[in-house]
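Student: Take a look at this one; I'll ask things after.
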Amino acid sequence: MSYFFTSDSSLNCTTGGCHQACRDLVDGFVCFCFRGFRISPDNPKVCVDIDECAEFTHNCSQLCTNLNGTYACSCRDDFTFEINGVCRLTQGDIALLYSDSPEIRAYNLNANKAMNVIKGDSIESLDYEPKSGIVYWTDAYGKTIKRSYLPGSPERANVTMGYAQNLQIKSRAKPTGLAIDWAAMNLYWSETDRTGNKPRGAVLVATIDGRYRRSVIATGLEDPTSVVVDPDHGIMFWTDIGSIPKIETSWMDGSKRRTLVSDAISQPTGLTIDYAMEHTIYWVDTKLNKIEMMREDGSKRSTVASGNQLNHPVSLDVFESSLYWVTRDSGEIFKMDKFGRGVPVKLPGELANPSSIKVYANRRYNTSIMSICQRDTPCTHLCLIVPGGYKCACPDNKGVKNTYPNCDAPHEPIKLKPLGCGCINDGICTLDSSNVLRCECHEDYSGVLCENYVARRHLSPQPWSAATVVVPLVLIVLVLAALAALYVFFNRRHITLKGRGLPGSSVVFRQGTNVEIGPPSFMASSDGSNGVPLECDVNLGEMTGKNHNFSNPMYDAVGSMEGGSSDQASSKGLYEVPLDSNRSKGLNLEGQDASNGTPLSQTPALAVLSPSAMMQKTSPNIQLRKKELSPSSNDTGKDTQKLVVEDDNSEC
């Protein structure tokens, strides 16, 4: 909001004459302007409109129209305006072409599908000619420039894989940046010669097929990395990351050269033009981790995004309302709003060594531009677009004849366009001796284009072996035998555990006040018809008549006190010893007591104790076992304060 303040106490909002808004103060008043207006430099009380379109403060995706206090957005032909202010392509898919060191790949944004375009080259940068659908790239290893049809290109719809054509533009210098002038059908590129003590850079031009090479910028460059052209305006731009980093511009013939950006810049590696939005320039600074924008004249420079979220971009392109860039260190592709709104979004795909990216769409470039160079062919060798017209040029080291614009240079035949590879199913195109492309098919395919599936790997039967039948059968038998053994084992354990005691044990547990020890239940039967055989062979002949009952003395003592007289209790004692086991030594073979002949059946079998017999009146005279570490009962430490409390060491 813009405002004007006056300290004249004799004036107020009523008499001050503010144009739009006013506020009274103690010593005067303040004039305000509404949003979209500012205080006029000629009259501080008057508000004038702000031209957001001219001042580059709008967020229109393509066209901006200034209104009184505001602005309106619109789209160019073949684009649809959406409610969020974004212009979307009406028809056609959008794909990203990007170089990944030895290959060029494409990613269809509409179908979310990636595909291979070119394989087998050290690719540094790329661009494409929109009318023919031919992609051009710089080969850093061969120090040359190549081209190929894109799959599904307008001129060769049957092309499924690119086949490289070398334009034979060789030099000692390494080509870096690349740009296509689709209006005059010329090829621009930048290169760096590192053979000397100091790198030397240059910007060159040739016809679209690589003929008549000419240097348009040959001095004052060290290490140019990117170049773009604007045929509609007849100017071009390039970046230099040498000792004095900068962004420069000139006419497309190399004249009218000047510097646009030289401050607050470190390593500008990527450059692009948004032709649909008033030819706005975007660039990336990979060292500063920043994306910036400006007008073509260098004005209205502003930062779009910066920080670690960008991951050090090296190349970028713009289309509709989005920026796309690749990062060399992390090998990723990102997308973001071109006004810096929101956050970067990572697109699918992991790249090994990306260096360049381009948006491929049928309206990315303005192909409706009519150039006199293509319409009338006024020049004998090179026709270069300049603002408002064209200029003829000659190849390097060739002069002009007396009759302009003829060059003192021989004419070269036009190169044929690249061959189209139509192989499918991962077939590879190779050039035979007659310069005809042939398809080398995968082992499972055949045909001229590898269109027939033959499954050669499955035609020859595998040799039969007895092991293929015997081994599975043996394994099955072993598994079944193991299962049967486990079944028998667990089944027998289940039977023995059904009794009241442990398997094979003579201890029987039951509810009551005593524990009975005796032979298993099957031993009580004379004929053994209802018994369960023991799990092991044990001779119990000597144990047949033995009495294995025992009783708890505590139960016996208390029970005798409750059930009998006190005299009996005193005579019997508080502890009752079970039947003397020595009596069993006098048993004869008939089960009778050898001393008196009394049958064993008349001997009491159990000593039943009542749980209530847990009363103890006197302590038994029990001999305690001496312990090595038990403290002495005599107080030898003179504990007069009774600080040591001795525990009862009884083992009762």
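Placed from the backbone N, Cα and C atoms, the Cβ positions cover glycine too.
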Student: Scan C429, C441 and flag the one TrEMBL records as disulfide-linked to C450.
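Tutor: Disulfide mapping in TrEMBL sends C450 to C441.
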Student: Give me the non-local Cβ neighbours of C450 (disulfide bond): same chain, 6+ apart in sequence, Cβ-Cβ under 8 Å, ordered along the sequence.
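Tutor: Residues satisfying the criterion: C423, I424, N425, D426, G427, C439, C441, H442.
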Student: With Cβ-Cβ distances below 8 Å as the criterion, list the same-chain residues six or more beyond the ends of the repeat 'LDL-receptor class B' (279-322) that contact it, or say none.
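Tutor: Residues 55-56, 61, 79, 85-89, 94, 125, 226, 230, 232-233, 235, 237, 239, 247, 249, 260-261, 265-273, 328-330, 332, 334-340, 343-344, 354-359, 361, 364 contact the repeat 'LDL-receptor class B' (279-322) from elsewhere in the chain.
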Student: Residue list, the domain 'EGF-like' (417-451) vs rest of chain: Cβ under 8 Å, 6 or more residues beyond ends.
Tutor: 132, 134, 147-149, 155-156, 158-165, 457
Student: At a 10 Å cut-off from the C-beta of C441 (disulfide bond), count the other C-beta atoms across all protein chains.
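Tutor: I get 21 for this one.
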Student: Cβ under 8 Å to the repeat 'LDL-receptor class B' (234-277), counting only same-chain residues 6 or more beyond its ends: which ones?
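Tutor: 60-62, 76, 79, 87, 177, 179, 181, 188, 190, 199, 201, 203, 205, 215-217, 221-228, 283-288, 294, 296-298, 301, 313-318, 325, 338, 365-366, 384-389, 391, 393.
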Student: Pull the DSSP breakdown for the repeat 'LDL-receptor class B' (234-277) and write it out as helix, strand, coil residue counts.
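Tutor: Looking at the repeat 'LDL-receptor class B' (234-277) with DSSP, the answer is 0 helix, 23 strand, 21 coil.
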